[in-house]
Amino acid sequence: MRFAKGHGTENDFVILPDPDGETDLTKETVRLLCDRRAGIGGDGILRVVRTRALGEALAPAARTAERTEWFMDYRNADGSVAEMCGNGVRVFARYLLHAGLVTGDRFEVGTRDGAKGVSVEADGDITIDMGRVEMQGTSSAKLARQVVHGAQISVGNPHLACEVEGPVADVDLSQLPELDTEAFPQGANVEVYAQVAPGVLEMRVYERGSGETRSCGTGIVAAASAATPEGEGATWRVRVLGGECTVYLDADGARLRGPAVIVAEGETVLV
Ligand SMILES: N[C@@H](CCC[C@H](N)C(=O)O)C(=O)O
């Protein structure tokens, strides 16, 4: 099967073009493709499928995705399915352009969290309309060496965004965070962040289904939202291990801007 490899601020993905939805992507296949030694390596998979090829498989929650031509079927490295991936949508959009599957600098991509607007900026960055962020109260998580408290937030997928004192580099994210399972029955992505200058956050993330990654777009939006008590009218630059993205919070919701690159194309015998 053909594949491509891409990343957005070093959140990296194996891209599988499957326009007619002919590939049965099992958990085992996803794990193998994402394995950094036995496979291609990635934090997740972006299956590129025509929305109409999904038929009944398009969950009701993804209904606004029906109007899109292309659907991002996102899988975490452990084979689990996620509703949304912010860096993933940018990389997916870059792939559609690269492969000539879309033209123009404005289009939409279908996700399990609905249709997401894509704008290609003059400098090559890609901006995604992430939609409304849902603030759901507070919760906490037990990390390897400390307990962190923060905001429970849905960016289509579940997050716990926790402000920490001191450098985020000092936080031990080597172990799966222990969460309140009543608050997060489906698990969550856990962000730790600190404000390091006016309008600038540093953030690290432990992603559900992938472990610590070098960036997480929905996590970046969650951290920016947690850092904005007024809810809107804010712009944040968010620095992560793999680079930097910008989040704009306004009355229409959140927009995420950042880079997205394709680094390789080839053929795999693993699918
Ligand atoms: N890296 C992504 C988020 C991917 C899904 C996440 N691990 C989950 O299970 O919700 C991003 O850039 O948003």
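Placement of Cβ uses the backbone N, Cα and C atoms for every residue, glycine included.
As given in TrEMBL:
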type	residues	note
BINDING	Asn11, Asn76, Gly86, Asn87, Asn157, Asn189, Glu207, Arg208, Gly217, Thr218	substrate binding site
ACT_SITE	Cys85	active site
ACT_SITE	Cys85	active site, proton donor
ACT_SITE	Cys216	active site, proton acceptor
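Between the CA atoms of Glu207 (substrate binding site) and Cys85 (active site) there is a gap of 11 Å, rounded to the nearest whole number. Straight-line distance linking the Cα atoms of Asn11 (substrate binding site) and the residue listed as 'active site, proton acceptor', rounded to a whole number, equals 7 Å. Spanning the listed substrate site, residues Asn11, Asn76, Gly86, Asn87, Asn157, Asn189, Glu207, Arg208, Gly217, Thr218 have a farthest Cα to Cα distance of 16 Å. Sequence-distant contacts of the residue listed as 'active site, proton acceptor', defined by Cβ-Cβ distance under 8 angstroms and a gap of at least six in the same chain, are Asn11, Gly86, Asn87, Asn189, Glu191, Val205, Glu207, Val240.
If you measure from the Cα atom of Cys85 (active site) to that of Gly217 (substrate binding site), you get 7 Å. A sphere of 10 angstroms centred on the C-beta of Asn11 (substrate binding site) encloses 33 other C-beta atoms. Of the chain residues outside the substrate site list Asn11, Asn76, Gly86, Asn87, Asn157, Asn189, Glu207, Arg208, Gly217, Thr218, Gly44, Ala82, Met84, Cys85, Gly88, Val205, Ser210, Thr213, Cys216, Gly219 have their Cβ within 8 Å of the site's Cβ mean position. In sequence order, Gly8, Thr9, Asn11, Cys85, Gly86, Asn87, Gly88, Val89, Arg90, Ile128, Met130, Cys245, Leu256, Gly258 make up the list of same-chain residues 6 or more apart from Gly217 (substrate binding site) whose Cβ falls under 8 Å from its Cβ. According to its DSSP assignment, Gly217 (substrate binding site) is helical.
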